[in-house]
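If you check TrEMBL, you get these features:
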- 15-33: transmembrane segment (TRANSMEM)
- 45-67: transmembrane segment (TRANSMEM)
- 79-99: transmembrane segment (TRANSMEM)
- 132-152: transmembrane segment (TRANSMEM)
- 173-192: transmembrane segment (TRANSMEM)
- 198-223: transmembrane segment (TRANSMEM)
- 244-266: transmembrane segment (TRANSMEM)
- 286-305: transmembrane segment (TRANSMEM)
- 317-335: transmembrane segment (TRANSMEM)
- 377-397: transmembrane segment (TRANSMEM)
Amino acid sequence: MTAASNPPSAARSPLQFAAGAIVVGAIVGAIGWTQNHDQFFASYLVAWLFWNGLALGSMALQLLHNLTGGKWGDRIRPYLRATTGMIPIMAILFIPIAMNLDKIYEWANLAIVKDDSMLQYKANFYLNQKFFLIRAAIYFTLWFLLIGLLSWQARTNAAPDSPAHHRFRRFSGVGLGLHGLAVTFSSIDWMMSLEPHWFSAIYGVIMFAAQGVGALALSIFLATRDARRQPSLTPYEVDQFHDLGKLLSGLIMFWMYVNFSQLFIIWYGNLPEEVVWVIRRLAHGWLWVAVSLLVFHWMVPFFGLLNRDWKRDPARLGFMALMIVVMEWVMYVWYVEPAAQAYFEHLAHLAHDAGHAAAEAAHEGAHDAAKTEHHGFFPWIDAGLTVAIGGVWWLVFNRRRPKTFAQAEAAASKQKKKKGGHH
């Protein structure tokens, strides 16, 4: 018995769970809106990037499995298909970001750009709102085309040695390359440009690795949760989880490697325009967030997954996967919020200077008229909006899941068992 031939039944109603998440998250978000208007959009960006990253990572894993084959993908493919299908929803949820660029990105604020020669130069050919939105449309168009390819493949259900199967394999190779480029440039647009004076040549690779880790961890968690409801697992199913655990361990190591490479190059170069990125993420309490990422996103999963029994036990493997998914969200907070807080402080200083000048011109009390403050970081707004978007995400995901399991069941009944083992 496999996950593909035994679609799970949810322990609790996905509709009730999703509705509760949407309501609670929306209430928290509404409170956050009234408490800190600036913070709201930064928190929304964190939540959107987290859920969008899971969908994009799932697409990459599907394309990778088309290329490589292997039994590791058979177990989680229904979950990957359902998660990839969330990309159109994320495109709709991108609209609030597109409509409020100046509230999130420094380069979109004309009051800042007019006094910054570097931003003016970048605005001429890349960092401007019109081209930003055009690029976003290109990314989503490509992803929609790849969704169509993957859906076509699922409907075709081609035999492993058929010409159609080899054709999908070739398409997947090209698609994975194009997807990697889209992830690279979208990461530059949506995340790296939060600090438009800073740049990193490896940033897109880091985000590509992070999305793969998050998507694989989520799929493993869902697969292990459903597996625990089965009376028993066959040796073949245990081997599948073993392979998934090894793949997750490898992706975590790659994620850690590219992150370390970026930090090492910044440290070795010690250039003012580069070190500011690190300084912002080690000050004002962010050091402890960085330590938590080091411990719970790398050390604990890496050493835990060295244990063979952990990889073959759905309960322990699922726990490890869930922890990684949570730390993926923490990672997005750590990447986005320090940059957002720096931008908000910049806006507060501009408002203070403007108020001071106006007060002096009117011969009034400059201190009172120019009084402006930045209210700081509110992590509960990030959490609330993540829960709200997660409720929408979970609702649509569970509506798609029966179809993906039916497709997987049809494929399992048509294909022979694939060769492959664990080491």
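Positions of Cβ are set from backbone N, Cα and C atoms, glycine also.
Proximity of the transmembrane segment (173-192) to the transmembrane segment (15-33) is not established, fewer than 3 Cβ-Cβ distances being under 8 Å for residue pairs spaced 6 or more apart. With a cut-off of 8 Å on Cβ pairs spaced 6 or more residues apart, the transmembrane segment (377-397) and the transmembrane segment (244-266) reach fewer than 3 such pairs and are scored as not touching. Sequence-distant contacts of the transmembrane segment (132-152) (same chain, six or more residues past either end, CB-CB distance under 8 Å): 56, 59, 62-63, 81, 84-85, 87-88, 91, 94, 98, 101, 108, 168, 171-172, 175, 178-179, 182, 185-186, 189.
Sequence-distant neighbours of the transmembrane segment (286-305) (same chain, 6+ residues past either end, Cβ-Cβ under 8 Å): 245-246, 248-249, 252-253, 255-256, 280, 311, 316, 320, 323-324, 327-328, 330-331, 333-334, 338. Remote same-chain residues near the transmembrane segment (79-99) are listed as 41, 44-45, 48, 51-52, 54-56, 58-59, 61-62, 65, 73, 133, 136, 140, 143-144, 147, 150, 154, 190, 215, 218-219, 222-223, 389, 392-393, 396-397, 400-401, 403-404, 407-408 (criterion: CB distance under 8 Å, separation of at least six residues from the stretch ends).
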